[in-house]
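Trainee: Quick one: structure below, then a few questions.
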Amino acid sequence: MKNLLDLSYEELVTEITNLGLERYRADQILDWVFDKKVNNFDEMTNLSKKHRALLKEHFSISFLKLLDKKVSRIDGTTKFLWELEDGNTIESVMLFHPDRITACISTQVGCPVKCIFCATGMSGFVRNLTTGEIVAQILSMEKEEKKKIGNVVYMGMGEPLLNYENTIKSIRILNHKKMGNIGIRRITISTVGIPDRIIQLAEEGLDVKLALSLHAPTNFKRDQLVPLNKKYSIEEILNAVKIYQRKTGNRVTIEYVLIRGINDEISDAKKLAEILRNMKVFVNLIPVNPTVEGLRRPSRERLLTFKRILLENGIEAEIRREKGTDIEAACGQLRLKRIKSRS
């Protein structure tokens, strides 16, 4: 049985017409699923009982089972722990801004990259999410909170470009006007840097935003923070980003988690400005999550100094305003606690 959320618009039309239903029925089904958040064919009352029975024979509509939810008392940021059909768990986060609601979603169960400051990597890698499981995070959050998500960041558990096909297909579904209907420039992919996939992304014709999780200005330091750097060097990654920018014309966000005594030195700021010179970038400076054992945040003074050095060297930069600090909103924390409690 196929999960309807795995299907593109064109695939759904083909599937239902092959079953003998009219093409326009696809739009009716999608209205129920994406607009009304209905995942039961029996509730689709503008379809005949015969059609509903036929659809139930061939398709499921797999929303996610909510295991846990944490809501920030500070800013309303909401973190969800979901159970998948095979018993694995993933996390998603809903962030509230005055003018929009942003969802941070996962692409893998666990993560193979194992950045030292990330809780997701501590629990290991299990598998890629299906297209439907990625899409279902948006629908399940919207159904749970009864709110419409306007922005999506692929910054949750996992490395999106290591689950490339399912990530790209989910973006097309979320962007399609008869499905997720989320503007393409309101969707961001965050990656630690998979050079060939960054170049491939430039060829997709998808005008999504790209964020690169860099975290260090030299290979020596990045090897320690992001083990995958031993496979793909900073030079290879930035070269791929330059190709991406030539093809798309888009500015790229550079994510930089600052850790006291590791990558927050004045020399690091100067080196970062040097390697990013003449690139169309914006640097997001992120104090390390204090819940990660053994890692400490830089002082406020050091954060401001780091930012000032970048600005003085012509690199746009900002210190990210944190959300959900009281609920450890960074993805991976809830899942890791659940795994530890069962071991």
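Placed from the backbone N, Cα and C atoms, the Cβ positions cover glycine too.
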Trainee: Need a hand: Swiss-Prot gives Gly158, Glu159, Ser213, Leu214, His215, Asn289 for S-adenosyl-L-methionine, which of Ser140, Ser190, Ser267 is also on that list?
Mentor: Ser190
Trainee: Work out how many Å separate Cys115 ([4Fe-4S] cluster binding site) and His215 (S-adenosyl-L-methionine binding site) at their Cα atoms, rounded off.
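Mentor: Pair distance, Cα basis, whole Å: 10 Å.
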Trainee: Out of the recorded positions listed (Cys104, Glu159, Ser190, His215, Asn289), which are within 10 Å of Cys118 ([4Fe-4S] cluster binding site), Cα to Cα?
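Mentor: Those near Cys118 ([4Fe-4S] cluster binding site) - Cα within 10 Å - are Asn289, in sequence order.
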Trainee: When you rank Glu91, Cys104, Cys111 by Cα distance to Gly158 (S-adenosyl-L-methionine binding site), which of the recorded positions ends up on top as the closest?
Mentor: Cys111
Trainee: Measuring Cα to Cα, how far is Ser190 (S-adenosyl-L-methionine binding site) from Cys104 (disulfide bond) in Å?
Mentor: 10
Trainee: If you measure from the CA of Asn289 (S-adenosyl-L-methionine binding site) out to 10 Å, which recorded positions from the list Glu91, Cys104, Cys111 are inside that radius?
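Mentor: None, since no candidate lies within 10 Å.
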Trainee: For His215 (S-adenosyl-L-methionine binding site) and Cys111 ([4Fe-4S] cluster binding site), determine the Cα separation and express it in whole Å.
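Mentor: Rounded to the nearest whole number, the Cα-Cα distance is 17 Å.
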Trainee: Among the binding-site residues Cys115, Cys118, Leu214, point out the residue whose Cβ has the most other Cβ atoms within 10 Å, with all shown protein chains included in the count.
Mentor: Leu214
